[in-house]
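**Q** Let me begin by handing over the structure; questions about it come next.
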Amino acid sequence: MEKPVVILIFTTVIMSLECFVQSDASTHQYKSGDDVPFYANKVGPFSNPSETYAYFDLPFCQPDNLEKKKESFGEALNGDRLTFAPYKLEFLADKDAKVICKKRLTKEEVAQFRTTVALDYYVQMYYDDLPIWAFLGMVEKDGIDDPNEYRYHIYTFYQFEIYYHKDHVIEIQVRVNPSFTVDVTNDEEVDVEFLYTVVWKETNTPFEKRMDKYTSSSSLPHHLEIHWFSILNSCVTIFILMSCMGAIYLRVLRKDIYNLAQDEEFSDNQEETGWKSLHGDVFRYPKCKYLLSSALGCGTQMLAVVVVILCLGVLGVFQPYDRGVLPTTLVIIYAITSAVAGFSAVSFYHQLEGSNSLRVLLLTGGIFSCPLLLTFFFLNTVAFNYGSTATLPLGTIVVILLLLVLLALPSLVLGAISGKRIRSEFQAPCHTTKCPREVPPQRWYRRVITQMAMAGLLYFAVIYIQLYYIFASVWGYRIYTIYSILFVVFILLLITTALISIAMTYIQLAAEDHEWWWRSFLCGGSTGLYLFGYSIYYYFSRSDMNGFMQTSFFFGYMACVSYGVFLMLGTVGFHACLLFVRLLYGCIKCE
């Protein structure tokens, strides 16, 4: 019991340090004239959320001493590169047309600004941990039909409007003054003067509610109606499934089981048909049981990670613009739950009378993490070549590798050792014959591809509406904060996966096909394929993302997420079918 306690303490210390590093930037209480932390973060094209660059990669006015904020682990994962902004916004200090600097833009700098304006670049900053966005410029298109004659202008005057309550900053807004712009259409040197104004206004909003404006959009009545409609749609789907399965049980299974129970044993002259004839083969161990055990172990880990993340979200741990808290928590929880993967994989493998635990352990550790790491290193290389802030620093990569080596790997091994020691025999109510029964030819609608397509479509119908909001949050700028609704939809998805997997397994057994092990896993995980298909649709039809870097990030990470969903729901479907088969064949008397 000492090692799990040590791991728990280690995790708590890491998360506490993370929260301390992030909250130490500001005490959030000021006196008149105090400096308030103001950081310039990053810039990037509005249509490509993953393609971001450091603020001073553009030729803005730089202070004499360019000072960078020491980023935390979570900020590095989030792609934040905070530097002290050139603006001075002291607490309660109004300013009128304050000049930042005057400079002469070279031809190269003019061309750089013109490119950013054409690509609709935005700038992100943080003032007292409150996020600020502003566009860099505008394209003059009115009355111009030829795109080659468009005029490009950059904004040079920002107006900051700050709201305060007692000694706290409550809200900040930034506006551009369209009367102050510089034309960067032509490749020629131009003089530019950057200015800003600051106006302070008092508000009655308390400090504890200053983040409510960022979460209110998710709770608007019309959005809530859509979310509740999604839940109602899922409940109706589950009700229909339960009704169908109840009808199958009452009309078919119950009748068969009743007839079989009339005799104390199967008579020699009684012909066995349908699922009843498979009692000697239905519990025959599957092919590649080491691979199935590893997939089930990793799927169980994915399930544990999602449940913990959703529970923390419901408890309010993840607040809008808590920089890097969610990715940090995700990395740590994934490392800790490796123990779950090792335990479930090895224990199930030994139930199937496997003898090579080491192979199962290595496969469990790499079946998901290896594709994820390969994808990560490829995308990190792409971001490095682009000079993007999405590139993780070497120190952050070292921390991740240390977490995997010092936390995830020991947890995996510890779970595997526990699974080997606590192993139990496989509970099968029927004896397995020595010679396997031949599987009869199946019609096209009973084949694995067809069943995966039908099952995955029903699963996908449960989460389709929520997917749009999740994609708009992860790959856009919408804020998703209704974790309670997401948790309910997730539970409904698990129930639907279990019910449909059981129905598909019964159809397979009724056709005298006893090889249900892998089929139940594949049918349960087929939602992952639909999820990746939806990501393709979203990229080309619902977003304006473009470019090699953004395309690589989107499809690279969506492939990993879809694969994780495939493993997780495949595990749910398999265990539901295993329980169903045990109960079904436990109701009949056979030798």
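Keep in mind that glycine also has a Cβ here, set from the backbone N, Cα and C atoms.
Since the structure is predicted, the reported quantities are computational estimates derived from the model, not experimental observations.
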**Q** Between the candidate ranges 91-115, 516-540, where does TrEMBL place the transmembrane segment annotation?
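**A** It is 516-540 that TrEMBL describes as transmembrane segment.
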**Q** Do any residues of this chain, six or more beyond the ends of the transmembrane segment (324-348), have a C-beta under 8 angstroms from a C-beta of it, and if so which?
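**A** Distal contacts: 4, 7, 11, 14-15, 18-19, 22, 72-78, 80, 293-294, 296-298, 300-301, 304-305, 308-309, 312, 317-318, 357, 360-361, 364-365, 400, 403-404, 407-409, 411-420, 422-424.
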**Q** Take the transmembrane segment (391-417) and find every residue of the same chain, 6 or more past its ends, with a Cβ under 8 Å from one of its Cβ atoms.
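**A** Residues 3-4, 7, 10-11, 73, 76-77, 331-332, 334-346, 357, 360-361, 364-365, 369, 380, 383-384.
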**Q** Taking the transmembrane segment (452-471) as the first stretch and the transmembrane segment (360-379) as the second, find out whether 3 or more Cβ pairs fall under 8 Å, excluding pairs closer than 6 in sequence.
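**A** Per Cβ check, the transmembrane segment (452-471) does not touch the transmembrane segment (360-379).
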**Q** Look at every Cβ pair spanning the transmembrane segment (477-504) and the transmembrane segment (360-379), keep those 6 or more apart in sequence, and say whether at least 3 of them are under 8 Å.
**A** no
